[in-house]
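Database features, via TrEMBL:
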- 39-60: transmembrane segment (TRANSMEM)
- 112-248: domain 'Peptidase S54 rhomboid' (DOMAIN)
- 121-142: transmembrane segment (TRANSMEM)
- 154-172: transmembrane segment (TRANSMEM)
- 178-199: transmembrane segment (TRANSMEM)
- 206-225: transmembrane segment (TRANSMEM)
- 231-249: transmembrane segment (TRANSMEM)
- 279-301: transmembrane segment (TRANSMEM)
Amino acid sequence: MMGRDGAGNDVVEIKVHPRRENNVRSAPPYQNNSVFKKWVPWLVPLFVVSNIAVFIAVMYVNDCPANSGSCAAPSLGRFSFQPLKENPLLGPSSSTLVKMGALDVARVVNKNQSWRLISCIWLHAGVFHVVANMLSLLLIGIRLEQEFGFFRVGLVYIISGFGGSLLSALFIQTGISVGASGALFGLLGGMLSELITNWTIYANKVAALTTLLCIIAINLAVGLLPHVDNYAHIGGFLSGFFLGFVFLIRPQFKWINQKACPPGYIAPPAKSKHKTYQYVLWIVSLIVILIGFTLGMVALLRGVNVNDHCSWCHYLSCVPTSLWSCNSRQVSCQSAQLGNQLNLTCMSNGKSNLYYLSGDDLSKVQQLCAQLCN
C-alpha cells in the first residue's frame, strides 16, 4: 500500500499472508454419530413385551389347579406353576406348551405344522427362562436397533429364530423345544458379521472383535451342558452371521468421509459406496442362506435324522463328563384308560398320575409319560 510519512518520503508497506495450499484443508476424520442416523428403538421393547404377554397367556391356558394335583405358588390361582419336580423353571406343563405352538418334530413332519418353527421362539418354559432371554434381548437388541433400525434387526431376529428351530429339529426329534435363544444368538452372529463387513469404519477393531468373540464363546460353551438345546443356539448364530452380511452392511470409510466432509475441506474420492469384499460377502451369504434353509426344510419334512449321518454331532449340544451324562433315557409307562380318564404309571420311577384327555389329546400320551418319568 502506498502512503506518505511525516518527512514527506514515499513508503512501501508489504503485507505477507500465511501460506495456504490452494485454500483447501484435509478432511478431518468423520464422527460416526454425525454420519449415521440414530434410530429410536421400539421393536425390541415390543418383542420383550410380546414374549412376556405370551407367557402370561400360556400360564392362563395352563390352569394348573384344574389339571394337576398340586401346584407351585397356589396363591396365584390359575396362573400358578406346575409342580417343581415337573418344571423347575416355574412354568407350564409340556402339554400346554405343545398346545400353544412348541416345536414338536412329529407334528411338523406328520401333520404339516411347519409354523411351529416360528411360533416356538415366542414361548418359554418358565419364569427363569423368559426373564433371562428378555434381559439378553434388551442388552443386545437395543444397540443394534439404534444403529440399523427396526426393519433390518427384526428380519435378523425372526429369520435367525427360524434357523435355530430348523437345526434343532434336524437333530433333536424327541421331546419339545421352546425359547428365543436361537433368535438371540442370531443377533450375536449378526454383530460379528457386521463388525467384519464394516471393518474399515471402526476404531479399536481388535478390542471390539476380541470382546465379541469371548461373549459368543462363553454362551456357546454353556450350551454344551445337558438339557440345553445348543443346536438352536448354533443354528441361530450361523443364520444371524450370514444375515449380517446381507442386512447390516455399511458404506466404506472413503465414501462416508466424502459425504460427511464439511465445507472448506476435501476428502479422498471414493469410486463406489461399498468395497468389493462387501459385495462378495453379500452375494455368498445370500446364496448360503437360501440353499441352507431349502435343504434343511426338505430334510426335515422327509423325516431325516441328521444324527444318523454324523456320528460326532451330538457333542455339539452336550459333552459328557464325570459329573453328568448326555444319554437321553428311554421312558416307558403303563397306562389304564377309562373313558376320558387316563392313569399313567412310569416304569422307571414308579410315579403315577391321573389325566383327563379329550379325543384330540390321545397323541400326547408319550409326552405325558416323559413328563411323568422326568
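From the backbone N, Cα and C atoms, a Cβ is placed for every residue, glycine too.
Residue counts for the domain 'Peptidase S54 rhomboid' (112-248) under DSSP, helix first, then strand, then coil, are 107 helix, 1 strand, 29 coil. Sequence-distant neighbours of the transmembrane segment (39-60) (same chain, 6+ residues past either end, Cβ-Cβ under 8 Å): 78-79, 81, 91-92, 96-97, 100, 122-124, 127, 130, 133-134, 137-138, 141-142, 144-150, 153-154, 157, 180.
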